[in-house]
Amino acid sequence: MSSDDEINMDDSDSSQGEIDDGCMSDDDGIVLESREQNSSDYKDNGEPDNEVLNHDSLEAEMKKTITDVQAVLQVKTGVCRILLHKYKWNKESLLERFYEHPDTTTFLIDAHVIPRRQERLPAGDAECDICCSLGELSGLSCNHRACTQCWKAYLTNKIANNAQSEIECMAPNCKLLIEDEKVMFYITDPTVIATYRKLIVASYVETNRLLKWCPGIDCGKAVRVSHWEPRLVVCSCGSRFCFSCGHDWHEPVNCRLLKLWLKKCNDDSETSNWINANTKECPKCMITIEKDGGCNHMTCKNTACRFEFCWMCLGPWEPHGSSWYSCNRFDDSAAKNARDAQEVSRANLQRYLFYYNRYMGHQQSLRLEGKLYATVKSKMEQMQTLSMSWIEVQFLRKAVDVLSECRRTLMFTYAFAFYLKRDNNAIIFESNQKDLEMETEQLSGFLERDLDNENLVTLKQKVQDKYRYVEHRRKVLLDHCSEGADQELWVFNE
């Protein structure tokens, strides 16, 4: 194979056919999956407009974008995909930069897609620099060559083990990216080919700011929006998540504070708080000491120190005289500073645990109340046997849906409140939070304990009254949070 095969100018028709047979799907149709969404879930975003795309839909959409750009650039499909990847699949940005160059070759060189100097590879057999075998060598336009088996092994490793879709030349310090047509020429294993196709689609989603993978377990679909912003999106699998950060929908706390909160919950920062609150450092050598008895007369365990001090005031023990079990030394400034720092650590830990326990409490309730769907389903079936239609009994499922949304909102209000500076607006927020929490607990208790105690005549009215009021309280809280954000009323301590 000569280097002429690597010159990136080519007829669009032939290159399109080459990639269609190996790397891309033949299905040009875009399959869109949608699910009905509640406009009340959006804040100042209008009607929901996100679309759900499966793998074939993504691949077809990617092909269409490549074809549109290829018609202008007149380059191979694989080269076009590499360029679009570099520009995060923003074809307007790519074409704008393209028109700033005098010709296609200059543009490709500046984009590091082809080398500045392209040399024809010598014909005939030669020794492979990788495996030292003698035979026909092939390579890229950068003039780096190897035997077919070495290229195959290199590319297979990059795809199967390193999960790469943008693969550089195997030569050290060569940054030339290998186009899809060349990759597909060397790779013959159907499993590796399928993996490569999936990686290409994955890179398409991950570099496109208007696409986001659904975090649902084994979902495999992506959600597309018309414009980027932190917002609720709903996948056809039922997952509801934030388009900005990919986490479960977390209104009212924003993505930045949620990230800080989750890090605080998951890392060892609170272990450090516990150490600060329950241990002290030797005033002399600063080794950490945990008190394991009632006596306040402490001796440092460090054999090189053995300093004796008072646990209460952290001052030297000797001046305490006979005060073996109490400390009356309150005038030492260094000891006072040590005690103050200790109290601050304890207070911070208690404050964190207050919000963390309530956050986790609502999270646990959300999981446990998932069982209510089975209870409600049984009740709905029972009611249908008593002459009520399927539509007439849907109020029970609606009640559980509202309960779940309120639990999720309450859970994240505690992350929001943890960072919120206390002022008049924070007091209003806490009042709304309290009202929502109280009404949510009442709805939960009714659904768990009182369904069977009500006759069918009054049950529907009571359930609807309860979930509508709870839904109203949730809206009041979220509207207040949204207005506060718009008017920049919230002050956070990070």
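Residue numbers in this text run from 1 along the chain shown.
Cβ atoms here come from the backbone N, Cα and C positions, even for glycine.
Per Swiss-Prot, the feature region 'Disordered' maps to 1-52.
Annotated compositional bias 'Acidic residues' per Swiss-Prot: 1-30, in sequence order.
Sequence annotations record features per position, and here Swiss-Prot assigns compositional bias 'Basic and acidic residues' to 33-52.
Here Swiss-Prot flags 124-331 as region 'TRIAD supradomain'.
Under 8 Å, Cβ to Cβ, and six or more positions away along its own chain, C147 (Zn(2+) 1 binding site) finds C128, I130, C131, S133, G135, E136, L137, S138. What Swiss-Prot records for C128, C131, C147, C150 is Zn(2+) 1 binding site.
Here the zinc finger (128-174) returns a mean pLDDT of 88 for the predicted model. Per Swiss-Prot, zinc finger is recorded for 128-174 (among others).
Every protein chain shown contributes to the tally, and the Cβ of C169 (Zn(2+) 2 binding site) ends up with 20 other Cβ atoms within 10 Å. The Zn(2+) 2 binding site feature in Swiss-Prot is assigned to C142, H144, C169, C174; the stated evidence is sequence analysis.
Summarising the annotation, Swiss-Prot assigns zinc finger to 194-255 (among others).
In sequence order, C214, G216, C219, K221 constitute the residues six or more apart from C237 (Zn(2+) 3 binding site) in its chain with CB-CB distances below 8 Å. The feature Zn(2+) 3 binding site is assigned by Swiss-Prot to C214, C219, C235, C237, with sequence analysis given as support.
Contacts of C255 (Zn(2+) 4 binding site) defined by a Cβ separation under 8 A and a same-chain sequence distance of 6+ are given as P230, C242, S244, C245, H247, in order along the sequence. Taken from Swiss-Prot, the feature Zn(2+) 4 binding site covers C242, C245, H250, C255.
With DSSP classes pooled into helix, strand and coil, the tally for the zinc finger (282-313) is 0 helix, 8 strand, 24 coil. Here Swiss-Prot flags 282-313 (among others) as zinc finger, drawing on sequence analysis.
Cβ neighbours of C305 (Zn(2+) 5 binding site) (same chain, under 8 Å, six or more residues apart in sequence): C282, K284, C285, I287. Swiss-Prot lists C282, C285, C300, C305 with the feature Zn(2+) 5 binding site.
The region 'Ariadne domain' feature in Swiss-Prot is assigned to 346-494; the stated evidence is similarity to another entry.
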Which residues, same chain and not among C214, C219, C235, C237, have a CB within 8 angstroms of the centroid of the CB atoms at the recorded Zn(2+) 3 site? V52, P215, G216, G220, K221, V223, S236, G238, S239
Other residues near the Zn(2+) 2 site, CB within 8 A of the CB centroid of C142, H144, C169, C174? P115, G139, L140, N143, E168, M170, A171, L176
When the number of other CB atoms within 10 A of each residue's CB is tallied over all shown chains, which of the binding-site residues H144, H250 has the maximum? H250
Cβ atoms other than its own within 10 Å of the Cβ of C300 (Zn(2+) 5 binding site), all chains, total 19
Just to verify a number: CA distance, H144 (Zn(2+) 2 binding site) to H250 (Zn(2+) 4 binding site), in angstrom, no decimals. 51
How long is the line from the C-alpha of C174 (Zn(2+) 2 binding site) to the C-alpha of C300 (Zn(2+) 5 binding site), rounded to the nearest angstrom? 59
Cβ proximity for C142 (Zn(2+) 2 binding site), under 8 A, sequence spacing 6+, ordered by residue number, returns P115, C169, A171, C174, L176
C235 (Zn(2+) 3 binding site) sits from C150 (Zn(2+) 1 binding site) (Cα to Cα, rounded, in Å) at a distance of 43
